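J.: Pulled these from Swiss-Prot:
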- Cys143: active site, nucleophile (ACT_SITE)
- Arg25, Arg123, Arg124, Arg163, Ser164, Gly165, Asp166, Asn174, His204, Ile205, Tyr206: dUMP binding site (BINDING)
- Asp166, Ser262: (6R)-5,10-methylene-5,6,7,8-tetrahydrofolate binding site (BINDING)
Amino acid sequence: MSLYDDKYLAIANDILENGYFDNNRTGVKTYKLPHQIMQFNLEKEFPILTTKFVAFKTAVKELLWIFKDQSNSVKELQSQNVKIWDEWMMEDGTIGTSYGWIVKKFDQIDKLIDALKNNPQDRRMMINLWQIPYLDSAPLYPCCFLTMWDVTDGKLNCMLVQRSGDWGLGVPFNTSQYAVLVHLLAQVTGLKPGLFTHVINNAHIYENQVDGLKLQLTRKNDAYNAPKLWINPEITNFYDFTPDDIKLEDYKHHESIKMDVSV
């Protein structure tokens, strides 16, 4: 069994059994637990679910859209057959002053790469998407809003802080795509991938996702081993990565589980 299936499903079960039944801004009630944490050694295993199919290529495209393209254009994603931001697209075809727009405005990727190469013991290395003056000019506040970076013994470690974690849909995407980001940055800075810690402040399951999570829990004992992540070893510039340079090898998984997104 993959370590991610084990940790993810344990928290899913805990939320279903012990979560607080709560209202929220979407109007769809949730079962929620605060302060859930998962940690992975990326040298040993790539974290992705096998107890259901995760659209890895879509997750990679979104990741590159945010951090490489530094874009807020939903139409750019649509041109790649990615529709996960359609519900939040504004009249101008963007998501306003959020995600990639914030990365670009504050030159956050270039500053991080420079620090990783030239001052790896810096304790101030982070990417912060929670920029208060720009929150209200976007249709959705960033969910995954902070990454903190550390280099120890030649290994790149990352902590991802997520204010709100949709356990059925968002969290599996976010864990895998930010684990990819660690690998990409490690490769272009001459480091090895190390620890990846995913902290979710509000971990929740929407009531219309309960049956889907219960179905997934029945597959726990039939989970597969984690796949291997392949990254094109020829790429040394972060901005040269394309989705074709990032692949999973031997990704065995169960069938998809349809769940509704709450807007």
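Residue 1 is the first one shown; counting continues down the chain.
Note that Cβ sites are derived from N, Cα and C of the backbone, with glycine treated the same way.
If you look at the structure here, what lies around each of the features I listed?
T.: Remark: Cys143 (active site, nucleophile) has Gln162, Arg163, Ser164, Gly165, Asp166, Gly170, Asn174 as non-local neighbours, by Cβ distance under 8 Å and separation of at least 6 in sequence.
In this view, Asp166 (dUMP binding site) is surrounded by 24 other Cβ atoms within 10 Å of its Cβ, with every protein chain counted.
According to DSSP, Asp166 (dUMP binding site) is assigned to a strand segment.
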J.: Compute the C-alpha separation of Ser262 ((6R)-5,10-methylene-5,6,7,8-tetrahydrofolate binding site) from His204 (dUMP binding site), stating it in Å without decimals.
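T.: Checking the Cα atoms of Ser262 ((6R)-5,10-methylene-5,6,7,8-tetrahydrofolate binding site) and His204 (dUMP binding site) gives a distance of 12 Å.
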J.: Among all chains shown, work out which of the binding-site residues Arg25, Arg124, His204 has the most CB atoms within 10 A of its CB.
T.: His204
J.: If you pair up every Cα among Arg25, Arg123, Arg124, Arg163, Ser164, Gly165, Asp166, Asn174, His204, Ile205, Tyr206, the residues annotated as binding dUMP, what's the maximum separation in angstrom, rounded to an integer?
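T.: Output for dUMP binders Arg25, Arg123, Arg124, Arg163, Ser164, Gly165, Asp166, Asn174, His204, Ile205, Tyr206: max Cα distance 37 Å.
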